[in-house]
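Colleague: Not my notes, these are from TrEMBL:
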type	residues	note
TRANSMEM	34-51	transmembrane segment
TRANSMEM	57-78	transmembrane segment
TRANSMEM	133-160	transmembrane segment
TRANSMEM	172-193	transmembrane segment
TRANSMEM	199-219	transmembrane segment
TRANSMEM	226-243	transmembrane segment
Amino acid sequence: MICLPVIIYIQESKKSFLCISSLAVILMTAEQPIRTLIIIAPFILFILIIFRSKTSVVSMLSIAVSFVIGKMANDYLLDRHFPLKVDYSQASLLISPDKAIDNLFIILKSILVYSSSSSLAVGSNAIGILTPFYFMGLLYILLFIATIVYGLKIFLHILIDGRKTKTSICRLDLLCALGATGFVLGLLLISCLNPEGRHIFWATCILKISVFATIFKIFKSNIKNNVYSYSLTIAMAICMSAIA
């Protein structure tokens, strides 16, 4: 509700999509400002670096203004003792670097393990029916990490030479770069402020989409029938990635 409408607005100049994104920011910030900040901070940085246009600046200013409005709404509702969740930004403190690094590895390990099918097979017989799911889950973890590295590579490539963005970077690469940038920056933020992996769930989902979109491209390049390619990709997603 925040990321995709903004990108559509920048590419197609449809103001209604910018309104949708701004409204989503206001509502989310009114509920919990720190969660919204963790989402929009890396997103704003990514959009301004990738597109570098007047439209992108306008859209990010709109997002920033929406955040301020949402924060004012949150303050008002909390003052009136409205039954919303507590604004944890008032209680958040900067922690020591060693604790932040510990949080980073704990959160990263949790996301990698529990988003793969390997976690579902732990404790089962080594020659049991769940063994293939265990090793396919490990393969998914490797692909997830590789996608992060590749996405950061694309982001740095665009950062160094933005002129190549429109001609040499495909849509899947841009999606991968957005997910990787949001994941890494978001991970750093939550490690220092609020160590909960759900705050970067949006970036995790984008990276998952990138992983399985790449798998689909591999199947499609070797199998001419799209139905078979889609079916195999879905089967791989079920076997490799945990639903939870």
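Using the three backbone atoms N, Cα and C, a Cβ is placed for every residue, glycine included.
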Colleague: Go through the chain and flag residues at least 6 beyond the ends of the transmembrane segment (199-219) whose CB is under 8 A from any CB in it; none is fine as an answer.
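Modeller: Non-local partners: 3, 35, 38-39, 42, 111, 115, 140, 143-144, 147-148, 151, 172, 175-176, 178-180, 182-183, 186-187, 189-190, 228-230, 232-233, 236-237, 241.
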Colleague: Six or more residues beyond either end and a Cβ under 8 Å away: which residues meet both conditions relative to the transmembrane segment (34-51)?
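Modeller: Here the qualifying positions are 2-3, 6-7, 10, 25, 28, 57, 59-60, 63-64, 67, 70, 87-89, 92, 155, 158-159, 162, 165, 174, 177-178, 181-182, 184-186, 189-190, 193-194, 199-200, 202-203.
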